[in-house]
């Protein structure tokens with residue numbers, strides 16, 4: 001999903017001007033920070049002052065925060081939020097795959113939905129994925145394809161350096177367009193859903209903070225370079241997805257790379273969503289917790305659900321924006337800062353408390369603005 005959002009960054013700069021460059025840096029810092037405080041909520045100090053991992057998942061953190069109100073309420077809310085966001089992400093990959101194929105082969109008499117079904121068939125082996133190791137290998141290939149896409153676009157843009165002009169940047173901004181830019185930039189960094197599992201599976205969890213710092217630093221540099229070179233190349237002609245600005249040969253090449261990236265990206269949110277549901281279904285029935293038949297049924301049901309939603313959900317892009325504004329902002333900003341304040345309040349400095357509160361307020365405003373824009377779009381579509 002991040003790759004798809006990255007392709008919209010030059011368009012975001014078109015509507016945010018110089019402030020967009022600052023937002024790319026600020027979003028990297030904020031998402032890195034909320035990732036760290038989320039992982040901090042997994043640990044508590046023992047009698048010797050050593051940090052011990054007492055929680056394993058986002059659900060465990062939520063339950064710890066809400067245990068006085070209800071032992072499982074927080075976990076239920078977090079799980080529902082996670083599953084909704086993950087399912088919408090999987091559906092988006094199918095929709096985008098169908099769209100990319102229809103644009104890459106316009107002369108083939110096949111509809112976009114039929115292309116989505118064809119890509120769905122290639123994803124059927126996902127029902128047999130049982131461990132995170134397989135998903136991580138696919139994600140590595142996905143990252144490689146991602147770098148190829150960025151390299152092709154940046155290389156082409158550098159060949160057009162003779163026509164670059166800083167005068168293309170806008171100083172005056174329209175508020176609604178700016179909000180769209182904020183959403184694209186912020187959610188190109190989101191990864192909080194996967195962080196507890198990732199940190200728990202690291203050979204040396206002590207290196208997690210360092211890893212998070214470096215990955216967000218390099219992501220910020222790469223995204224700034226990509227967005228800036230692309231926008232300086234096309235200026236006011238910059239399209240929503242920057243590959244549409246490329247010459248036909250490069251556009252087809254990049255679209256096929258994007259298709260590969262979408263197919264390789266699908267297993268991660270799919271695996272995460274099915275594991276959450278599988279754990280919830282199996283809870284209280286430990287004899288069936290590792291039942292292969294149950295796991296296969298859960299994965300098969302989810303795979304079919306994503307296909308049906310991609311085929312029959314009207315105005316999916318707007319619904320994705322609406323759900324993303326709620327679930328994305330909640331999982332990235334609202335809940336990490338809220339949980340950190342709740343669990344670590346007595347040990348936080350005044351500056352840390354102010355930072356968490358500021359992040360919460362910012363996340364709430366971003367979510368509210370996204371909801372308003374998405375609902376407005378839906379109302380316009382339905383007349």
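Each residue, glycine too, has its Cβ placed from N, Cα and C.
Residues or ranges marked as domain 'Amino acid transporter transmembrane' by TrEMBL: 2-375. Taken from TrEMBL, the feature transmembrane segment covers 20-43, 76-95, 115-132, 144-166, 178-198, 210-233, 253-281, 293-312, 318-339, 359-379.
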> Near the transmembrane segment (144-166), which same-chain residues lie under 8 Å Cβ to Cβ, leaving out any that are not at least 6 residues past its ends?
Replying inline: 3, 6-7, 222, 225-226, 229-230, 232-233, 235, 242-243, 246-247, 250, 253-254, 257-258, 260-261, 264
> Counting Cβ pairs under 8 Å that sit 6 or more residues apart, are there three or more between the transmembrane segment (253-281) and the transmembrane segment (115-132)?
Replying inline: yes
> Which one, 115-132, 178-198, 210-233, 293-312, 359-379, has the most C-beta pairs under 8 Å toward the transmembrane segment (20-43)?
Replying inline: 178-198
> Out of 115-132, 178-198, 210-233, 359-379, which stretch touches the transmembrane segment (293-312) the most, going by CB pairs under 8 Å?
Replying inline: 115-132
